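Structure first, then comments.
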Amino acid sequence: MRLSFFTALSAVASLGYALPGKLQSRDVSTSELDQFEFWVQYAAASYYEADYTAQVGDKLSCSKGNCPEVEATGATVSYDFSDSTITDTAGYIAVDHTNSAVVLAFRGSYSVRNWVADATFVHTNPGLCDGCLAELGFWSSWKLVRDDIIKELKEVVAQNPNYELVVVGHSLGAAVATLAATDLRGKGYPSAKLYAYASPRVGNAALAKYITAQGNNFRFTHTNDPVPKLPLLSMGYVHVSPEYWITSPNNATVSTSDIKVIDGDVSFDGNTGTGLPLLTDFEAHIWYFVQVDAGKGPGLPFKRV
């Protein structure tokens, strides 16, 4: 199905779903919060050209000061990728000896507002599971860099056999990270952890249920961020569960009580229930514990529609 965002937007208001998500009555723990705040800094680092075009052995750094904990680990780049495909997928593989982790990070888009304004959403069969359909652009972004990344991961993991694999991303990078983690779990990395901040929906209900069943998924939304509301439910797209919904305002420190844990692939208790996606709500999109995209260069000018 191929529909533009604005053509389909009005359809969502009339939707009804029989299987709403369940809002858990617990706060996250302090140790969980520490993990959430830490891994997003790897996503933040992926926006810096110096990191996604780094030389092997270079330390990750964030000149805008939004990844201090990552800098403190001394994590080094073992592989990076950028501008190598028509999808402009960018990111890096880093080794964090302090936390015994191999990190695969995907950069978000430099022009996400234009992506929202102009987006068309087409399903494709990724071959991950029976009945599973993924969004074509997100799947293509992963598929075009997959072989090289898997080759590099094999070498890095062989050198660090007891390290965990962590896949991270923000915004469109989170969508690619979600599909990458899903695919990698079936290719020798079954325990790969996913930290997806502000991810759009990546596929249909069958794919969402498949990814959810794999486990080790941490998907974050923030107040009324419009990007996780896309592609629309009316277009056949469903989220991975659970959702960690951050309710604190922009530019504010997040406490354990500010994060609500919501189970279910279709839920109106969290971000989805805050209304239709609006282009005026983008401040919520860039603040996930830190200003995640502070390191990005100039993107395309915002297109008024």
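Backbone N, Cα and C atoms are what each Cβ position is placed from, and that goes for glycine too.
From a predicted model like this one, the values you see are computed outputs, not experimental measurements.
Between Cys67 and the candidates Cys62, Cys129, Swiss-Prot records a disulfide bond only with Cys62.
If you compare Cα positions, Asp265 (Zn(2+) binding site) sits closest to Cys132 out of the recorded positions Cys132, Ser171, Asp225, His285. Of all the recorded positions listed here (Cys62, Cys67, Cys129, Cys132, Asp225), Asp225 has the Cα closest to the Cα of Ser171 (active site, nucleophile). Distance between Cα atoms for Asp225 (active site, charge relay system) and Cys129 (disulfide bond): 30 Å, as a whole number. Residue pair His285 (active site, charge relay system) / Asn251 (N-linked glycosylation site) shows a Cα separation of 11 Å.
Of all the recorded positions listed here (Cys62, Cys67, Cys129, Asn251), Cys129 has the Cα closest to the Cα of Asp263 (Zn(2+) binding site).
The disulfide-bonded residues in question are Cys67, Cys132, and the one with the fewest Cβ neighbours inside 10 Å is Cys132.
Taking CA atoms as the reference points, Cys129 (disulfide bond) and Cys67 (disulfide bond) are 36 Å apart.
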